[in-house]
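For reference, the structure discussed in these notes is given below.
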Amino acid sequence: AATAPRIPSTRLALHHFDTSYSLHLGALWPSVRAGLLCEQKYGALLNNFAAADHVPQELELLNATDFVSEAHQKAQQWQQGAAVGEAATGCQEGSGEGRTVMQAEMVTQAEMSPPLCASISSKIKCYTFPRGDITRFRPARPDTLGLLDYYLMDAASLLPVLALNVQPDDFVLDLCAAPGGKTLALLQTGFCGHLAANDVSVSRTKRLYRILHSYVPKEVRDTVSVTSYDGRDWDQVKGGTFHKVLVDVPCTTDRHSAMEEDNNIFHKRRTKERQMLPMLQLQLLMAGILAARPGGAVLYSTCSLSPLQNECVVE
């Protein structure tokens, strides 16, 4: 008997996204869909441990810019604009001497309040090309000690690291660390007193080891412990220990699922695994919360647009 042709996993993924995300995102979905199906653009995360002072100038000559410092500048401009707007409102509402006092109070508050972007580490630099520019970065090059000058990654993957706001001497846990881009970015802050990088996959952990050896000097690697525990059981290993915990969970990896057949979670034999993802994500988040010390911070992230894997898990 003839068998029905196998439907590509990418087509199954896209059909699923069209059905669910069109409802969730509405009129935004067509442009988001186009973005998912475009060739992936990478950012170049500068390696602060490499002797590569020439690299920023080299990238800027190619019209690449550091999106982290740009975000910092835009946030400062926004804050200054908001403070001026509030001061103007206060002036309109007051009169005479009271108006002057109100304006002085608003300016003083704007000067003394911490910047909205204070959590953005000035030590992290990631260069990207402008929208519409499909230039590719050259492969990373080693310095005289063999450390590579930058790491190519999806620039959006840097956002959880920036939001985690690591402070000097923080003990940090990256619960689902492989392949290692976010672990490397955490080290670029220069603030980790100790970094625990864990991933349940032994093969992916080996890739993490390779990245650390390619980008990080030994004295810094000695502050990193790499393990392959099931993240759901982490609280049984080192519960209540960490100032900051990053829980970047396995997910449907939407861009990969829409573009690549290899290791695609929408393959029919992985249907149950995909359906169980929100439960796995919830268990990992709970383990991350239990791993944090009192007063610590836990950041949950995915590379999926699915509300079931994001808001629903957190709520």
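Every residue gets a Cβ built from N, Cα and C, even glycine.
For 74-315, the entry in TrEMBL reads domain 'SAM-dependent MTase RsmB/NOP-type'. TrEMBL lists Cys176, Ala177, Ala178, Pro179, Gly180, Gly181, Lys182, Asp199, Asp230, Asp248 with the feature S-adenosyl-L-methionine binding site. Annotated active site, nucleophile per TrEMBL: Cys303, in sequence order.
Largest Cα to Cα distance within the recorded S-adenosyl-L-methionine binders Cys176, Ala177, Ala178, Pro179, Gly180, Gly181, Lys182, Asp199, Asp230, Asp248: about 20 Å as a whole number. When other Cβ atoms within 10 Å of the Cβ of Cys303 (active site, nucleophile) are tallied across all protein chains shown, the result is 19.
A sphere of 10 angstroms centred on the C-beta of Gly180 (S-adenosyl-L-methionine binding site) encloses 25 other C-beta atoms.
The Cβ of Lys182 (S-adenosyl-L-methionine binding site) has 23 neighbouring Cβ atoms from other residues within 10 Å, across all protein chains displayed.
Neighbour density for Ala178 (S-adenosyl-L-methionine binding site): within 10 A of its CB lie 24 other CB atoms from the protein chains shown. Taking each of the binding-site residues Cys176, Asp230 in turn and counting other Cβ atoms within 10 Å of its Cβ gives the largest count for Cys176.
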